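In TrEMBL this protein carries:
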type	residues	note
DOMAIN	18-131	domain 'Thiamine pyrophosphate enzyme N-terminal TPP-binding'
DOMAIN	207-338	domain 'Thiamine pyrophosphate enzyme central'
DOMAIN	410-542	domain 'Thiamine pyrophosphate enzyme TPP-binding'
REGION	624-650	region 'Disordered'
Amino acid sequence: MSSHKLHLKQPSGRELLGGDLVAQCLHALGVEVVFGLHGGHLDAFLMGCADMGMELIDTRHETVAVQAAEGYAKVSGKTGCCFVTANSGFCNAFPGLATAFADRSPLLCVTSSPPLRDAETNALQGFHDQVVLAKPVTKFCHRITNVGEIPRIVSLAWRTASSGAPGPVMLDFPIDVLFTPVENEAIAWGGITAPLVSLPGPDPRAIDDAVQMMRESLRPVIIVGTGAQNAVNEITTLASTTGIPIFHTPKFSTGIPYTHPFHAGSATTLANLSSNPSIRPDLVILLGARTGFLLGGRSGAIIPLTTSCKLLQIDIDGSEIGRSEHVDLGIVSDIALATASINAILESGKVEKFRVAEAWIRTTLALKAWRAKHNEDEPKIDEKNGHLHPYHAVKRLFQFLPPKSIICIDGGEAGGWALQNLPEAHAALSMVCTGYLGFLGNGWGYALGAAVADRSVLVVNMQGDGSAGFHLAELDTYKKFNLRILTVVVNNCVWGMSLAGQDMLYGSATQHRPAANLRSETRYDVVAQGFGVLGLIIDATNTLPQSELDKRRKSYMELGSADESLTKKVLDGLGAAVDEVVHENGPGLIDLRVSRHPYQDSTKAMVGQDDDPDVIVVPYYDNLPRPYYKGKKKVEDKEESSGSSNGAPS
Ligand SMILES: Cc1ncc(C[n+]2csc(CCOP(=O)(O)OP(=O)(O)O)c2C)c(N)n1
Ligand SMILES: [Mg+2]
């Protein structure tokens, strides 16, 4: 039937090849932009993309290309697309696939390999079987061995990436398949022209139960995650009708407007209620948000793990429901459909209307205004080293950002300061890019994809000086495509979170701080200038040597009048630097020098340093009880009960 076929466009001056067919299939599926890095294997495909008017954004590293496709998906809501060359490019792409798989991000990665007949001959860029390597980090991956089967398999891969729990897929087109002329009669079209499938909806009885749970709850909260990306209207309607506050996972804030009256900010602030059970949630409604370390793990700090708090989890993937803890009600469904069903019941008049008590609404919404008092009270400039306090530096930076920016958070301590100060930014969207893999450097690609998906806003690429080093060369990509990305290197001249852990665990027991140092002489603003990007530095000590290259250095010291205090001048200088980048209408970088102290509260909580001799400190995870007792108290208890020592070593 002709309607199931694509009308293929004949390229002018050359044959229609397998590569054209791949490009035209992707075009038919709605792909407008493809991220990647060139390899000769892919030229037949790239020519096909160019012929179809698809935008090609080429990066300086394949990891970034895949992560840009992921960032694009996160912001546009569409499936991202990328290309990487055979073996070398693929191996660089692997971290991107791994991250996207953990993050359930829909993307299709195109790669290539040596000609089919050269299999296992030590051929160029053919040593590793990419399909085998990619299997555990993709939802689907396949090597296409027949040019005629391209549409069928592309369609299958695309639908796999974007349906159910989304995720990355990879297609390996051997170079001979890409360069083989297409024979129209021999094409298996598969579902390439089929309309998009509808999304899975909820069981109506479960929705009744969910409504009942909400009605019975006194202190409910909603926590949204990436899976709620397409459900902004439905969730805000639910919140407006019921007064249930909406928190978001730190990983992804969704597009719920910051200004919405029930937007309560990051769910991490719920930990502030953990000391008082009477003002903790008694119902947590997880909408497309997964339990795990980003929501406090098994500590119960964010989601109370007590019988007095019920957990209602709605997710597209049943295996996420009750993954680590008991769930009182689990619903497998698309979030928009499930929430719309809840709203329909509430509007139908079938159940009595309910509204959360004002006191609970006030308590939860006040969390957005909560600031760590100790950090607030600390001097803005560290008296010991003359550097800006990282909390105050990031806070002021965020206050200067244009509202509705997109904030991509990378780095260790730097990321913690950014997350803590997020409410100051009035952002349209925020994401912690390190994600489930704790992967430093991901922010470069996510920021790139975000900036391509939405060119109307400023994208802020928050980096530590450590994480910045992974993909600094992408400044070149930002410049090449003149993207509105402000990179901020929160520069404490150290692998800060690494040093924090070592300090907390080893203290004065040893002076060794292995592999934790970074160079203070490295000038990220000058590096940016080398790429033709506006590079600025904010340094309260004003002691850095001037560089020959350093033509555009902004001296904040001259920005204020003579009687203004140093602190004000530095922070105003930061504002001036942000303004300069905003007006540049292209990329910019601020090397924001900060003190390496104090350490972030979340780092302290994660490291979990504990002097109790009966506790085994397991940094970054929950501590363990010692299988034998070392502390006096326990030994005495034992002695009291048994009348003798238990013989355990102390
Ligand atoms: C790819 C990767 N390598 C190493 C680590 C381990 N790690 C976690 S935080 C951290 C230090 C981060 O330093 P920086 O980016 O400068 O941020 P800071 O903590 O100094 O603000 C390191 C090395 C990681 N998470 N990811
Ligand atoms: Mg650092």
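Along the chain as shown, the residues are counted starting at 1.
For all residues, glycine too, the Cβ spot is worked out from N, Cα and C.
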Going by DSSP assignments with H, G and I as helix and E and B as strand, what are the residue counts for the domain 'Thiamine pyrophosphate enzyme N-terminal TPP-binding' (18-131)? 59 helix, 19 strand, 36 coil
Go ahead and report the DSSP secondary structure tallies for the domain 'Thiamine pyrophosphate enzyme central' (207-338): helix first, then strand, then coil. 47 helix, 29 strand, 56 coil
Limited to the domain 'Thiamine pyrophosphate enzyme N-terminal TPP-binding' (18-131), I'd like the whole-number average of pLDDT. 97
What is the number of residues in the domain 'Thiamine pyrophosphate enzyme TPP-binding' (410-542) that are helix, strand and coil, as DSSP sees it? 53 helix, 24 strand, 56 coil
